[in-house]
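Undergrad: There's a structure below that I have some questions on.
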Amino acid sequence: MLPTVIAPSILSADFARLGEEVDTVLAAGADWVHFDVMDNHYVPNLTIGPLVCSALRKHGVTAPIDVHLMVSPVDRIVGDFAEAGATLISFHPEASSHVHRTIQLIRAAGCKPGLVLNPATPVEVLDYVLDELDLVLLMSVNPGFGGQAFIPSALDKLRAVRKRIDASGRDIRLEVDGGVKPDNIGAIAAAGADTFVAGSAIFGQPDYAGVIARMRAEVAAAQPGAC
Ligand SMILES: O=C(CO)[C@H](O)[C@H](O)COP(=O)(O)O
Ligand SMILES: [Fe+2]
């Protein structure tokens, strides 16, 4: 199992103080910044784009920026995010006419590619492309909004994807996104996730360091050997 990554979703941060919020959450022990891009087309919400990613880099953020593109069509925006300083770029297969090509586009732009599975997207979408990926992002809510409840069937799906990743023999991260909280992260970790997105659970209360520490402790208890 790869080392645990906690990736706070800035969707739930105070956008009026975004640089400060990101500094604070990283100082509180977060590993990555999860950056949700919504286009009011693929999902019924509109958020932030490459300008904001680049502004965070200019502000001095050096942590990995984990860009989750909920944008259709996706290809045209990949280069803009690579230039803006994205580290990882994940996209939904439904938003690409040629999934393999989009993965190559992300890698050629110098970023790590991830494929996102919605709650109703079958795991077979990973057939033929898993070996090309650095990350599988499994949605445990329908994309578009923060603060939704974790969909329990995501646990079985995590186990199924974990098996495929282990069988591949490659260091592919398994990230879970949506409704992750200190009281369910242990079960999520036990099902095979190593990378945890949490928005409202972290930014929704004042002690970011306390929540992150609790999450790490729950993961460590569920996955002996994880840190
Ligand atoms: O991709 C997302 C929504 O589409 C967000 O990353 C996700 O919902 C995180 O927020 P929360 O932890 O509050 O559920
Ligand atoms: Fe996300």
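Cβ from N, Cα, C; glycine included.
Relevant sequence annotations retrieved from TrEMBL are reproduced here:
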type	residues	note
ACT_SITE	D36	active site, proton acceptor
ACT_SITE	D177	active site, proton donor
BINDING	S9, H68, G144, F145, G146, G147, D177, G178, G179, G199, S200	substrate binding site
BINDING	H34, D36, H68, D177	divalent metal cation binding site
Undergrad: Which secondary structure state does DSSP assign to S200 (substrate binding site), in the simple three-class scheme?
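TA: Reduced to three states, the DSSP call for S200 (substrate binding site) is helix.
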Undergrad: Among H34, D36, H68, D177, these being the recorded positions, pick the one whose CA is nearest to that of G144 (substrate binding site).
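TA: That would be D36, nearest by Cα distance.
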Undergrad: If you measure from the C-alpha of H68 (divalent metal cation binding site), which of the recorded positions D36, G179, S200 fall inside 10 Å?
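TA: So the list is D36.
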Undergrad: Can you tell which of S9, S200 has the most other C-beta atoms within 10 Å, given these are the binding-site residues?
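TA: It comes out as S9.
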Undergrad: What does the structure give for the C-alpha distance between D36 (active site, proton acceptor) and S9 (substrate binding site)? Integer Å is fine.
TA: 7
Undergrad: Kindly assign G179 (substrate binding site) to one of the three DSSP-derived states: helix, strand or coil.
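TA: G179 (substrate binding site) sits in coil per DSSP, no helix or strand.
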Undergrad: Measuring Cβ to any atom of ligand 2 with a strict under-6 Å cutoff, which of the recorded positions D36, H68, G144, D177, G179, S200 qualify?
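TA: So the answer is D36, H68, D177.
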Undergrad: Between G146 (substrate binding site) and D177 (active site, proton donor), what C-alpha distance do you get in Å?
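TA: So the alpha carbons of G146 (substrate binding site) and D177 (active site, proton donor) sit roughly 10 Å from each other.
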Undergrad: Cβ within 8 angstroms of the Cβ centroid of H34, D36, H68, D177: which residues besides those meet this for the divalent metal cation site?
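TA: What remains near the Cβ centre is A7, S9, L11, F35, D66, S90, L137, V197, G199.
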Undergrad: Near H34 (divalent metal cation binding site), which of the binding-site residues S9, G179, S200 can be found within 10 Å, Cα to Cα?
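TA: Checking Cα-Cα distances against H34 (divalent metal cation binding site), the binding-site residues within 10 Å turn out to be S9.
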Undergrad: Return one of helix, strand or coil for G144 (substrate binding site), based on DSSP.
TA: coil
Undergrad: Going along the chain, which residues six or more apart from the residue listed as 'active site, proton donor' have their CB under 8 A from its CB?
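TA: In sequence order, the residues whose Cβ lies under 8 Å from that of the residue listed as 'active site, proton donor' (at least 6 apart) are S9, H34, H68, V116, L137, L138, M139, S140, V141, V197.
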